[in-house]
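These notes are about the structure you will find just below.
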Amino acid sequence: MSTPAGPRPGTPSPRRPSVLFEVGTGLVLHAVLVTSLFFLFRGHNAPGGGFIAGLVAGTALVLAYLAGDTSAGRRAAGATPRPGVVLGVGLLLAAGTAVAPWLGGGQVLESGYSHPHVPVLGGVSLASVLIFDIGVYLVVVGLVLAVLSTLGEQAGTSLAPGGEEDR
Amino acid sequence: MLAVLAAHAGLAVLAGLLAPRLGPRAFYVAALAPLSGVVLALAAAPDVLAGRAWGREVPWVPGLDLTVALRLDALSLLMLVLVSGVGTLIFLYCASYADRDSPLVRFAATLTAFAGAMVGLVLADDVILLYVFWEATTITSYLLVGLSDEDRTARRAAMQALLITTLGGLAMLLGLIVLAQQAGTTRLSEIVAEPPSGALVTAALLLVLLGALTKSAQVPFHPWLPAAMAAPTPVSAYLHAAAMVKAGVYLVARLAPGFAELSWWRPLLVSVGIATMLLGGWRSLRQHDLKSLMAYSTVSQLGFLTAVAAWGSAESAVAAALLLLAHGFAKAALFLTVGAVDHAAHTRDLRLLDGLGRRMPVLAVAATVAALSLGGVPLLLGFIAKEEVYTAFAEAEGTFATVALAGLVLGSVLTLGYAGRFLWGAFAGRPQPSGAEDLDAVPAGERAVAAQDVHAPGAGLVAPVVVLAAAAVALGVLPALLDPLVSAVAAPYPGAGEPVHLALWHGVTPALLLSVLTLALGVALVAARRRWGLLQRSVGRVLPQALDADRTYDAAVYGLDSAADVVTGRTQSGSLPRYLGVIALSATLLPLGGLALRGADLAPGVIVDRPVQIGVGVVIALAALAAARTSSRFAAVLMLGGVGYGVAALYVLQGAPDLALTQFLVETLSVVIFLLVLRLLPRRFPVQTRRSRLRRAAVAVTVGVGMTVLTLAATSVRVRPSVAEEFVARSKPEGGGLNVVNVILVDFRGLDTLGEITVVLIAALGMSSLVLTLRRGRPGADGPHDAVRREEPEVRAP
């Protein structure tokens, strides 16, 4: 895994993925992430939505992880938030959107479409469910981050005490 | 009344907030809470004593017909005097008693909350509300007994009190519900006024009484009370003498006007009460710890109270009311005395306390008054109460009344015995060692604490005791002061006629003669202290240990633990394939069973739209077979991914792009996650025995065939039009979106989605902590460097 300072004693030397994969990841990584945002924002009217967009972003993260010890991975190094934070912010956004109308005197989860005659793409009216969808997106991304950061670590150690879990 | 409850709640929070700054003085602030109860009692007294109860109703959960119904009648007033009046004194005492380094925040806040729960309990008229306050006292009591949470004994005592009283509490809830259903009302006052009858009512009452008897520590549930002495002494004085343990007696007294005439009521409750009284008195006479002595004394007096309250005649109601007051005052005073002595001498062992009375004369005098009142010595409140008890039972008809009276007299003799033993132990000088064997002599290797070794307790510790003792004297000399109160308490009972007149001298009556007899025997018991001790020890050696209720409790708790252990061991084998098999089989066979009972049309509708679907289906089937056949984990994962992609392709063919997209992505991610885990597992599956393979094949075929049948049935059982059309129609105008799937997810079924992402979050957290725990559980698997690094996710996103 990503051990920038070279192999530490006692750990298996990281095997480099194929050059093709490395370069390919560098090429498509950003494109995939942008695609995920595309799916997120158009989701209300065409195939997509927060869940799908989150999964797309998840595949991008997986790519970045698999290419982790490569130049592409290092270039991509930046501030990655902790999975817990992403998950928490996501749920907070979704729950907040759910509760906000109620605090304002409406019903829980009441969407911003109280006036059916407002044109669909009329900006403001789109807002409330989009925030909800962004919350869903973040939760899915947070899940993938959590998987990668826990299961992705520690190659070479067996999880099952006896090394064998089928019984 | 609501204001008083609110004051308790508010002050509980306030006292907790102020405790770090004010230290023990926070109790002065908290004392305002019970003081508000006293004010309520004073304000309501004129009306209540004239027979007009105060009532208050506030809707609580209208949908469930739950109401916060409060009612302040004479019995409640009496209890309020105990709970809030004695409570105020105890709060003031706490301010001097508590150490700065004790957990003051918890102490002050919980004690105030307890006082509030207790006030609510005695005011509640709705049975469900009563139960809520009842359990609130249980929970606060648990926290208070376990206040010193680093002490193993305290934790065990708190748990024991919690388990036993909650056991009774749950039974009580059941009983109260049945009782309310049979009576057609949840109002306690109405139930008692027009008591229902029948076998169901008897069962309900027995359940309710189980709650009352556990709460008031009656045989065989008594051991929790002496154990609960691990609590700080003021807590014991309040919970275990004046207030909480009286809740059971209160409930018995509350129900007695309506149900005392039932054939089983008196024999059961009076017998239990007298048995408790005798057992408590007997055990009390053998204790060396002053506090344990008081605890068993309380058990004994609670038995006394239960027996008298359960008798349920107008005379016995008067007696019970007096006894409640007398015991509340005297016992709280004596507990507070123990606290003061402990504070000064740092021990409560009566074998070690040598002549402390000389050092603390005021306390000694006040405690003597309280102890004598407890023992029923004339000119004190306890005497008046005991006279009334004897009168009530002597005038009642029937053999059982006479037997009960004999038991009560015997119990009262023991009471005098331990009251004397308490005074002798706390304040008198130790006898010179003589040749005779004395169980109360200073134990070998210990040194007695003499009067000159201790400091006198502060005024804050003595004053409450003096006030309580003074009350016992005042009411004992002028019992007529209590006439209106006891008359009002007795009013609901059948046969209550003219107002009661209490007096010190009734002339030479049977009751007086019995009192004289009690006094004479009691004094003899105190005088023969040493020989009686030896006698009790020899009797104790003869009795089998199986009679020890505490052992029974231990055995029950241990038995429950090991039963749970066995059940868990049998059902939670830890084998993933077995869990999967159980889940899959249940998910298939249960609906199939339902289907078999109901019958369904299995004729398939359209199975194939286009030929290409057949091709995809064949690919899926081949991939599934390959996944099952291969011995390589890696290949199996890839094949499973193939199955998933195939299904996604079917979605595409059916025109469900959202579904297909989701399926593709989920499959992709699943394969990667599987591979991450595979790195930690052996490359190949272990070799299976033939039997194991057949078993797995059977499960797989059952689930597969079952799901097929269910799917076919599901397509044919629709009786209402699909919601899909409605959703599609409403999507644009109401949801404002053209993609109906997304509109359903974020709008129509937004709450479902919210629930689902919450599950996702919990799953992510659970997985993380599970994996981290597994790693931490293996020492040497990773160094400290890794432990730090783990905090940062390995993934780098741009």
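First residue shown is number 1, and so on along the chain.
Yeah, the Cβs are placed from backbone N, Cα and C, and that goes for glycine too.
Note that the structure is a prediction, hence the values are computed from the model and not measured.
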Annotated range (TrEMBL: transmembrane segment) out of B:51-72, B:579-600: B:579-600
TrEMBL annotation (transmembrane segment) - matching range among B:1-18, B:235-252, B:757-774: B:757-774
Contacting positions for the transmembrane segment (B:157-179) when only residues 6+ beyond its ends and CB under 8 Å are counted: 127-128, 130-131, 134-135, 138-139, 141-143, 145-146, 191, 196, 200-201, 203-215, 221, 223-225, 227-231, 553, 557
Contact set, same chain, for the transmembrane segment (B:635-653): CB under 8 Å, 6 or more residues outside the stretch: 609-610, 612-613, 616-617, 619-620, 623-624, 626-627, 659-660, 663-664, 666-668, 670-671, 674-675, 678, 685
Positions whose Cβ lies under 8 angstroms from the transmembrane segment (B:317-341), at least six residues beyond its ends: 75, 78-79, 81-82, 86, 89-90, 93, 97, 232-234, 236-238, 240-242, 246, 249, 253, 256-257, 290-291, 294, 297-298, 301, 304-305, 308-309, 311, 348, 353, 356, 360, 363, 366-367, 370-371, 373-374, 380-382, 384-386, 388-389, 391-392, 422, 426, 457, 461-462, 464-465, 468-469, 471-472, 475, 482, 485-487, 489-490, 493, 496, 500, 502
Intrachain neighbours beyond the transmembrane segment (B:659-678), with Cβ under 8 angstroms and 6 or more residues off its ends: 633-634, 637-638, 640-641, 644-645, 647-649, 651-652, 741
The domain 'NADH-Ubiquinone oxidoreductase (complex I) chain 5 N-terminal' (B:63-107), counted residue by residue under DSSP: helix, strand, coil: 30 helix, 7 strand, 8 coil
